[in-house]
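Undergrad: Let me begin by handing over the structure; questions about it come next.
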Amino acid sequence: MLYQQISQNKRRTVILLFAFFVLLVVIGAAAGYLLADSYQLGAAFALIIGAIYAFSMIFQSTSLVMGMNKAKEITVNDAPDFFHIVEDMALVAQIPMPKVFIIDDPSLNAFATGSSPQNAAVAATTGLLKVMNREELEAVIGHEVSHIRNYDIRISTIAVALASAVTLISSIGGRMMWYSGGRRRDDDRNDNGFGAIMLIFSILSLILAPLAASLVQLAISRQREYLADASSVELTRNPEGMIRALQKLSNSQPMTHPVDDASAALYINEPRKKEKLSALFSTHPPIEDRIERLKHM
């Protein structure tokens with residue numbers, strides 16, 4: 001059952017990433033049609049922009065992310081129990097030892113970052129280290145180490161980059177279309193019904209694609225959380241530890257310092273005040289759903 005769930009989550013992520021590339025091509029083609037009367041040119045331009053965004057974000061330094069989240073690097077002497085648990089989980093997962101950081105915050109939270117296992121890092125709050133027992137802390141760190149092993153940070157970064165690229169192209173396309181006047185619209189009105197349909201489709205694509213891209217990005221983030229929960233159980237062989245850890249996380253207060261959208265998606269638990277919004281707009285699946293999935297393993 002465990003391996004079945006892991007495989008299912010991986011398949012869903014592949015489907016969502018494919019949907020992202022389709023969105024990128026559609027928005028590029030729409031912009032190309034409106035601005036240069038060329039679907040191909042627009043689609044190619046969109047893919048190039050998406051690739052540039054993805055590569056530039058993937059190679060951002062770990063220290064930058066940790067600095068944004070006020071995390072301080074530690075050694076084994078600073079927090080031996082925490083350090084050794086990270087060491088043990090990395091050994092079981094067969095990845096290099098990540099750097100270890102602590103965030104001075106009373107909330108219960110943790111996250112991992114790094115574009116590959118070779119330059120990864122794990123951070124936990126002081127609140128988490130204080131409240132969790134050893135089994136629960138192993139489950140949380142197993143979750144974060146699984147993100148590293150599964151290259152989730154890279155996938156999430158690509159998702160953020162593609163969403164940003166879609167939004168950028170939509171913004172540029174929309175502004176240039178209006179600045180260029182009604183030439184494209186007049187041409188289509190003087191053409192035929194098909195041209196008018198394509199004009200409407202292209203304009204709607206420019207308007208709706210950014211929203212669709214954000215929804216796909218958030219869906220990828222939620223799928224990676226489910227996968228990391230299941231992978232943590234695979235590493236620790238202790239589903240009860242993961243369940244108890246999630247139960248404690250559900251009662252955590254928000255982080256005391258501001259957390260930006262990109263960083264929020266990295267944490268094991270939503271670090272900001274939980275708003276009563278649709279699950280579609282959440283970076284994390286409901287903890288109740290995560291616990292329920294673990295119970296059925």
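Each Cβ is built from the backbone N, Cα and C atoms, and glycine gets one as well.
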Undergrad: Given that Swiss-Prot annotates His143, His147 as binding Zn(2+), state which candidate in Glu73, Glu225, Glu240, Glu270 belongs to that site as well.
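TA: Matched candidate out of Glu73, Glu225, Glu240, Glu270, per Swiss-Prot for Zn(2+) with His143, His147: Glu225.
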Undergrad: Based on Cβ atoms within 10 Å, give me the single least packed residue among the recorded positions Glu144, Glu225.
TA: Glu225
Undergrad: I want to check the contact list for His147 (Zn(2+) binding site): same chain, sequence separation of six or more, C-beta distance under 8 angstroms. What comes out?
TA: Ala112, Ile153, Arg224, Ala228
Undergrad: How many Å separate the Cα atoms of Glu144 (active site) and Glu225 (Zn(2+) binding site)?
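TA: Glu225 (Zn(2+) binding site) has its Cα 10 Å from the Cα of Glu144 (active site).
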